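Accompanying notes for the structure given below.
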Amino acid sequence: MSCYTAILKSVGGLALFQVANGAIDLCRHFFMYFCEQKLRPNSFWFVVVRAIASMIMYLVLGIALLYISEQDDKKNTNNDSNSNNDKRNVSSINSNSSHK
(Lines of atoms letter the chains of each structure in order from A and count residues from 1; the text may use other names and numbers.)
(Lines give C-alpha, C1' and ligand atoms only; values in the text may rest on other atoms or scores of the structure.)
Protein backbone atom coordinates (compact mmCIF):
# COMPACT_ATOMS: atom_id res chain seq x y z
CA MET A 1 0.00 0.00 0.00
CA SER A 2 1.40 3.34 -0.92
CA CYS A 3 1.85 6.15 1.55
CA TYR A 4 -0.77 8.28 -0.19
CA THR A 5 -3.38 5.53 0.05
CA ALA A 6 -2.73 5.08 3.76
CA ILE A 7 -3.01 8.83 4.36
CA LEU A 8 -6.25 9.07 2.37
CA LYS A 9 -7.74 6.12 4.23
CA SER A 10 -6.85 7.57 7.62
CA VAL A 11 -8.25 11.00 6.71
CA GLY A 12 -11.40 9.36 5.37
CA GLY A 13 -11.75 7.32 8.54
CA LEU A 14 -11.35 10.42 10.68
CA ALA A 15 -13.95 12.25 8.62
CA LEU A 16 -16.42 9.39 9.00
CA PHE A 17 -15.71 9.30 12.73
CA GLN A 18 -16.45 13.03 12.99
CA VAL A 19 -19.74 12.55 11.13
CA ALA A 20 -20.67 9.71 13.48
CA ASN A 21 -19.68 11.83 16.48
CA GLY A 22 -21.92 14.65 15.23
CA ALA A 23 -24.80 12.21 14.76
CA ILE A 24 -24.30 10.95 18.31
CA ASP A 25 -24.31 14.51 19.65
CA LEU A 26 -27.48 15.29 17.73
CA CYS A 27 -29.21 12.16 19.07
CA ARG A 28 -28.02 13.01 22.56
CA HIS A 29 -29.46 16.54 22.32
CA PHE A 30 -32.83 15.24 21.13
CA PHE A 31 -32.81 12.59 23.84
CA MET A 32 -31.90 15.09 26.55
CA TYR A 33 -34.62 17.46 25.39
CA PHE A 34 -37.28 14.78 25.78
CA CYS A 35 -35.82 13.52 29.07
CA GLU A 36 -35.76 17.01 30.53
CA GLN A 37 -39.46 17.31 29.83
CA LYS A 38 -40.18 14.11 31.82
CA LEU A 39 -37.36 13.98 34.41
CA ARG A 40 -35.63 16.66 36.42
CA PRO A 41 -32.19 17.40 34.87
CA ASN A 42 -30.34 16.87 38.17
CA SER A 43 -32.16 13.74 39.35
CA PHE A 44 -30.36 10.42 39.81
CA TRP A 45 -32.46 8.63 37.19
CA PHE A 46 -31.83 11.33 34.62
CA VAL A 47 -28.07 10.87 35.05
CA VAL A 48 -28.39 7.07 34.86
CA VAL A 49 -30.54 7.20 31.72
CA ARG A 50 -28.19 9.71 30.11
CA ALA A 51 -25.13 7.54 30.87
CA ILE A 52 -26.79 4.40 29.53
CA ALA A 53 -27.91 6.18 26.36
CA SER A 54 -24.39 7.49 25.77
CA MET A 55 -22.89 4.03 26.29
CA ILE A 56 -25.35 2.47 23.85
CA MET A 57 -24.65 5.11 21.20
CA TYR A 58 -20.88 4.66 21.48
CA LEU A 59 -21.27 0.87 21.48
CA VAL A 60 -23.22 1.05 18.22
CA LEU A 61 -20.58 3.36 16.76
CA GLY A 62 -17.78 1.00 17.78
CA ILE A 63 -19.52 -2.05 16.34
CA ALA A 64 -20.24 -0.23 13.09
CA LEU A 65 -16.60 0.86 12.72
CA LEU A 66 -15.37 -2.68 13.47
CA TYR A 67 -17.76 -4.09 10.88
CA ILE A 68 -16.60 -1.60 8.26
CA SER A 69 -12.92 -2.32 8.93
CA GLU A 70 -13.48 -6.10 8.79
CA GLN A 71 -15.28 -5.79 5.46
CA ASP A 72 -12.40 -3.68 4.12
CA ASP A 73 -9.85 -6.25 5.35
CA LYS A 74 -11.77 -9.10 3.72
CA LYS A 75 -11.95 -7.17 0.46
CA ASN A 76 -8.19 -6.52 0.53
CA THR A 77 -7.42 -10.19 1.28
CA ASN A 78 -9.59 -11.33 -1.62
CA ASN A 79 -7.92 -8.84 -3.96
CA ASP A 80 -4.45 -10.00 -2.84
CA SER A 81 -5.29 -13.68 -3.35
CA ASN A 82 -6.79 -12.95 -6.78
CA SER A 83 -3.70 -11.02 -7.86
CA ASN A 84 -1.46 -13.86 -6.62
CA ASN A 85 -3.53 -16.38 -8.61
CA ASP A 86 -3.28 -14.16 -11.69
CA LYS A 87 0.51 -13.97 -11.31
CA ARG A 88 0.73 -17.77 -10.99
CA ASN A 89 -1.45 -18.21 -14.08
CA VAL A 90 0.69 -15.81 -16.11
CA SER A 91 3.92 -17.48 -14.99
CA SER A 92 2.55 -20.94 -15.83
CA ILE A 93 1.41 -19.72 -19.26
CA ASN A 94 4.83 -18.19 -19.88
CA SER A 95 6.62 -21.36 -18.80
CA ASN A 96 4.37 -23.51 -20.99
CA SER A 97 4.90 -21.30 -24.02
CA SER A 98 8.69 -21.27 -23.59
CA HIS A 99 8.90 -25.09 -23.81
CA LYS A 100 7.52 -25.12 -27.37
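Quick reminder: no glycine exception, Cβ is built from N, Cα and C everywhere.
Marked as N-linked glycosylation site by Swiss-Prot on the basis of sequence analysis: ASN79 (among others).
Taken from Swiss-Prot, the feature N-linked glycosylation site covers ASN89 (among others), and the record attributes it to sequence analysis.
Summarising the annotation, Swiss-Prot assigns N-linked glycosylation site to ASN96 (among others).
Under the heading region 'Disordered', Swiss-Prot lists 75-100.
What Swiss-Prot lists as signal peptide is 1-22. Remote same-chain partners of the signal peptide (1-22), defined as residues 6 or more beyond its termini with a Cβ less than 8 Å from a stretch Cβ, comprise 61, 64-65.
What Swiss-Prot lists as topological domain 'Intravirion' is 23-45. Per DSSP, the secondary structure of the topological domain 'Intravirion' (23-45) breaks down as 18 helix, 0 strand, 5 coil.
Per Swiss-Prot, topological domain 'Virion surface' is recorded for 67-83, and the stated evidence type is sequence analysis. Per-residue pLDDT, averaged along the topological domain 'Virion surface' (67-83), amounts to 70 for this model.
The transmembrane segment feature in Swiss-Prot is assigned to 46-66; the stated evidence is sequence analysis.
Panel annotation: around the topological domain 'Intravirion' (23-45), residues 53-54, 57-58, 61 of the same chain, lying at least six beyond its termini, place a Cβ under 8 Å from a Cβ of the stretch.
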